[in-house]
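*Asks:* Structure provided below as structure tokens; questions to follow.
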Amino acid sequence: MASKVVYSPRDPMLKKRDDFEDVLEERRRSGDLRYALRCYSPVLYKGPTTSKASELKTMVLQSDQLHYVVNQVSRESGVPLDDVQAEASVILEEMAHRLQLSTVRFFAFTLSKVFKAIFRSICVNEEGVQRLQQVVQEHPVVLLPSHRSYMDFLLMSYLMYTYDLPLPAIAAGMDFMGMKVVGEMLRMSGAFFIRRSFGGDKLYWAVFSEYVKTILRNGFAPLEFFLEGTRSRTSKSLTPKLGLLNIAMDPFLKGEVFDVSLVPVSISYERVLEETLYARELLGVPKPKESTSGLFKARRVLSEDYGSIHVYFGPPVSVRSLAEGRVNRSQFSLTPRHIPRRPSEDVHSFVNDAAYRLVRAQEENMVLKPWVLLASLLLQNQGAGQNRGVPLDELIQQAVWLRDLCRQFGAFLHWPDQIPSSEVVSSSLSLHGGLVRVSEDRVYLALEQEPHCSLTAEEELLSQAVVVLSCASYRNQVLHVFLRPALLAAAIHTASSSQKQEVYSSFLFLRNMFSNEFILCPGAAVQDFEEACYLLTKVGALHINQHEVLTAERGHRTLAFLTSILDPFLQGYQMVCSFLCEDATQALTERRFVPAVRAFIIKHLLKGRLRYPEVLSSDLQRNALAALLRLGAVQKVQGGEESGTLKVNRVMLNSLEDTLGGRLSTQKALRAHL
Amino acid sequence: MASNSCGGGSDRQMAAQHRLSVIAGHLQRPSGSNTAVLAAECKGQGSKPFVSSENRTVPRRRQEIMKWNGWGYSDSKFVYNKKGQAEFTGKRYKLSGMIIPGLKDWMENTFGATLQHKAAATPALNSSAVPPPTLNEAFVEELKSTGVPFSADAEDRVFRAHGHCLHEIFALREGKIGRVPDMVVWPNCHSDVVKIVELACKHNVCLIPYGGGTSVSSALECPPEETRSIISLDTSQMNRILWIDEKNLTAHIEAGIIGQDLENLLNESGYCTGHEPDSMEFSSLGGWVATRASGMKKNIYGNIEDLVIRIKMVTPQGVIEKSCQGPRMSTGPDIHHFIMGSEGTLGVITEVTMKIRPVPEYQKYGSVVFPNFEQGVACLREVARQRCAPASIRLMDNEQFKFGHALKPQVSSIFTSFLDGLKKFYITKFKGFDPNRLCVATLLFEGNREKVLQHEKQVYDIAAKFGGLAAGEDNGQRGYMLTFVIAYLRDLGMDYFVIGESFETSVPWDRVLDICRNVKARIIHECKDKGVQFPPLSTCRVTQTYDAGACVYFYFAFNYRGLSDPVHVYEQVEHAAREEILANGGSLSHHHGVGKLRKEWMREAVSSVGMGMLQSVKDYVDPNNIFGSRNLL
């Protein structure tokens, strides 16, 4: 039980974070050409290094690992050895990067121009850079940036070049290869390309994993990939993907290197370039295939103001210290290391935990701008039905309150204290002019379209939803700060009594329900609960004693804010449950799930039974389905004629829906399902 | 005889012979003629021994010729002379009496250990610091009637309370004495041991066999929780060769004989065992069997398990031995394997029949320089693959190469120093070897002259494929000579705040480079972590090659100025290093044994069932834990 575990929380306000320096300042002062042509001599790994991309390829092709799999594939498929070997070369050719300094210099020049045009500043914590300079010499390094924009990896390489750090080898999705010229240019600036899915292709896997490991083992270059696997369209961190992390840890686990340093990097954009693009995508407009011409259309982007970027290089995490006491490395000494093996149970759970910790580290060092708070407040007002906007001074007052709450929760908030709050608010509002309007001292979300007679009610709803979802993506940036207290607030709300045990089981239920939606470290339920209790007691919202959790007199405002920040998600999940109960037909497949549930939700929104257009987000819908699949309320039929269809457990769904709505106590619900 | 048949004009052979004579020839004989008396007393012996034991090295009172709180002979040690130069005293070794000009700088540069900071040891044993003996009167009474000599003298007891682990020596230097044996007995032959063990069982006293005292696994430490009287059973007086069988090339030997005596006595008859562990000056045959020892020339002669034909061990249940001398047998699990590696927990090994070989006609040292350690390991691997390893082949890493360099004695002629300079120039400038990466392999060839030369060529040809350059006989020979004096160097280090130790493992070939890199890095990492103020020395060498892997030795030492509990820090680092070894696929021990130092990993190393097997043997053979050293299990 929770109270038995001793949790000694660090005061989050005491979190030490470094200061930032603007790299564009220097760029605005001196010539870009000179900068692009300057002498670039990065610090290098102290171990034996290979510097040529071609040597790297040879090493991969001649590795024991690859030989083993080539032989195996040849034996199993009956294809002659040479042919399989040739196929491996082709795969490697398609994958491998060809770093060229001239291309890098080209990018250094163009990106300088572009960045100066659209961003006010690019702020980097230089202490983080210094730490990185140190660690690059000591151990192979893996850079793990957050992924919110295409800009991320260009920016990363740009910064590495700027700070005389070795240029990373970047794992990129194959879809870039659709853009012929750009794809090749990216390749020459250090990107290597991986097919999106290669499920059972042993040979591909072997070439790919050996390529990555060879880069690490030889200190060829820092490896860079995105833990989240893809750009987050919602600005929430995504559940980490383990494939590459598994590969990156392998050389350490097998003793081929002394250690590997993982460096989480948090990149926060004041305004994301793909803002409305993402919202559209979430609402069902299919993702445009990346094409070079598409990128050039983005030229109008150049005339806009995207505010500033903050890049925070987190403290390096040593895989060795992570694995200490967790993984018995001698297990790898009983079979030849070049024979591929599935990771054992303990290794898998170790990598999974590490991945969550790293994503949490990314989240915590993400800089939050005042606008993020404003977006949260505006959305809540919107959700409360106040379509008529908020008076500006009220918004300012609310924002200041929320700023203080945020700080007490330890958020990395960049609110310029030397400027009057009203100015901070109004400058934020003006930067996001596409999403908010200010008129007659009231602030509105920019939902009203120019009167278009031809718009149907549904089309109008969708276009409003674009704005709401864009706003939500900013609010989502702050969610990780409030998440644990919000889960507790919601648990208090739904729990049938104030008994600590009761509240804890509600908390557990909600945490379990939302563990596909938010980053909640597996197995850390008790810590999360204790942290939430600690924070809410600290701000005076709750009184907690041995047995009870009581709301304090002055805690109502905080708790109300926290409950309502989670409300769209609660309602969204209930919607998905009721859709599956009421509307799901026999032949519902996973592929047809999203369009069907979207139609169902639109119906409800139009009838006014649901207040939150953001429930239309396909991300939320997919996460809800994943949670239901995990909990066993929905099952995927394997094999047979109905393969791939979803089988629904109505009784369970009903009770889940009721529990989410607070109509059923979690204790009963828990007894029923867990 | 073999040693005389080869027209002894060869310098190389002279050198080889010299090595053995160095070890033995210069020894003072223990005073008194108790040898004869004791031998006569031993009536159990049917016939007179084949080779008499007048030349024994180890007297009963070992402290008369050996240090009580350091390594080796009292007269041999490294000191800084009045000019501040390092010098090796005594007359016993080739290095004795020589100035070693590079050592001081090396000590300063490597450890930051300067002459100003001296950590002097307690000069003499303070007998009052030794706890009074707990004697079992009834046992003592009956023992007296057997006529086996014994002593409860403090010096005798303290000398047998330790091996040569760092913490043991460190405590002695500080004058700290823990639990020590209550009595020392010196059996003179097998039947004496039978009597002692019978009495021990009868009166429930604890026995700890003591051979050469060179253990580095805390095996000789008396368990502090032991409440019974502890008797140290010193086998040093059982040191005769009982017979030599030239037809079968075997010899039957009492287990207390120490390595150098055994070789010398056999040499007199033209034979050798070829078993030469680095500790052979002091370690005993019984000790080798009890710890599964390994010798430097195992490539030709084999390790101890390959050398023994028959073992006699006295246990509380009686004497265990085989009934014939067949070279191999299929009679269930080999009972010798319960004895070998039993580390004194089952009984006392009293006599051993082992293989002997004619003394080799010709010996030749050699050395090869490699551009880096990776190439060196690759070469050793290839040598092992082709199964053409010389009698010994060892690969030192760069740090050890530099260390070896620092131990070069002062050169007498300008010509030699000119030659040295020329060699250095050739290797670093002309061949482009990086002096901070290159490493050296030392070689020892043995056999008949033609074959040795042929063999030598084969090995040098392989080395050349891996970029190795032949670097002369002197370097090789010096390398081997250093193995005998390196243990003395630790005492010098301890005089100047430097503590260190070596430890070993065995590992498959594909893991050799990884384990070397990772363990060395782990040591440096841990030292930093534990607050060591100076960068440590962390170095390794590959000392043996096998078909499927190699034996790797790590040396590590650091300057402990500024640490309040250096031994504890040292132990933490060594512990971490062992964990690292195991994590990288290395074994718990190649030949040092488990003792009490590495017991905690035993279960992991042999599985629970394996532990149960060993435990049930112990339970049957020694149900009352008479052999209560608590090693291994």
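Keep in mind that glycine also has a Cβ here, set from the backbone N, Cα and C atoms.
All TrEMBL annotations are machine predictions without curation.
Got these off TrEMBL a minute ago, pasting:
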type	residues	note
DOMAIN	B:177-359	domain 'FAD-binding PCMH-type'
BINDING	B:209-215, B:291-294, B:343-349	FAD binding site
SITE	B:ARG394	site 'Important for enzyme activity'
BINDING	B:ARG490	substrate binding site
ACT_SITE	B:TYR553	active site, proton donor/acceptor
*Asks:* Would you count the other C-beta atoms found within 10 angstroms of the C-beta of B:ARG490 (substrate binding site) for me?
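*Replies:* B:ARG490 (substrate binding site) is surrounded by 22 other Cβ atoms within 10 Å.
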*Asks:* Using C-alpha atoms, which one of the recorded positions B:ARG394, B:ARG490, B:TYR553 comes nearest to B:GLY212 (FAD binding site)?
*Replies:* B:ARG490
*Asks:* Tell me which of the recorded positions B:ARG394, B:ARG490, B:TYR553 ends up closest to B:GLY347 (FAD binding site) in space, Cα to Cα.
*Replies:* B:TYR553
*Asks:* Find the one among the binding-site residues B:SER215, B:ALA293, B:GLY344, B:ARG490 whose C-alpha lies closest to that of B:ARG394 (site 'Important for enzyme activity').
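*Replies:* Going through B:SER215, B:ALA293, B:GLY344, B:ARG490 one by one, the closest to B:ARG394 (site 'Important for enzyme activity') is B:ALA293.
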*Asks:* List every residue in the same chain as B:PRO209 (FAD binding site), at least 6 positions away in sequence, whose Cβ is under 8 Å from its Cβ.
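*Replies:* Non-local contacts for B:PRO209 (FAD binding site): B:LEU233, B:THR235, B:GLY286, B:ALA290, B:GLY344, B:VAL348, B:ILE349, B:PHE627.
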*Asks:* Return the single residue from the recorded positions list (B:SER215, B:ALA293, B:GLY347, B:TYR553) that has the minimum number of other CB atoms within 10 Å.
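*Replies:* Comparing Cβ neighbour counts within 10 Å for the recorded positions B:SER215, B:ALA293, B:GLY347, B:TYR553 gives B:TYR553.
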*Asks:* Quick one: Cα separation, the residue listed as 'active site, proton donor/acceptor' versus the residue listed as 'substrate binding site', in Å?
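*Replies:* The residue listed as 'substrate binding site' has its Cα 16 Å from the Cα of the residue listed as 'active site, proton donor/acceptor'.
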*Asks:* Of all the binding-site residues here, B:GLY212, B:GLY344, which one's CB has the most other CB atoms within 10 A?
*Replies:* B:GLY344
*Asks:* Which three-state DSSP class does B:ALA293 (FAD binding site) fall into?
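*Replies:* Looking at the DSSP assignment, B:ALA293 (FAD binding site) belongs to neither helix nor strand, so coil.
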*Asks:* Around B:ARG394 (site 'Important for enzyme activity'), how many other C-beta atoms are within 10 angstroms of its C-beta?
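*Replies:* Result for B:ARG394 (site 'Important for enzyme activity'): 24 neighbouring Cβ atoms inside 10 Å.
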*Asks:* Please state whether DSSP places B:PRO209 (FAD binding site) in a helix, a strand or coil.
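*Replies:* Reduced to three states, the DSSP call for B:PRO209 (FAD binding site) is strand.
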*Asks:* Could you tell me the mean pLDDT the prediction assigns to the domain 'FAD-binding PCMH-type' (B:177-359)?
*Replies:* 96
*Asks:* Rounded to a whole angstrom, what is the C-alpha distance between B:ALA293 (FAD binding site) and B:ARG490 (substrate binding site)?
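*Replies:* Counting only the Cα atoms, the answer is 22 Å.
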*Asks:* Roughly how many Å separate the Cα of B:SER215 (FAD binding site) from that of the residue listed as 'substrate binding site', to the nearest whole number?
*Replies:* 16
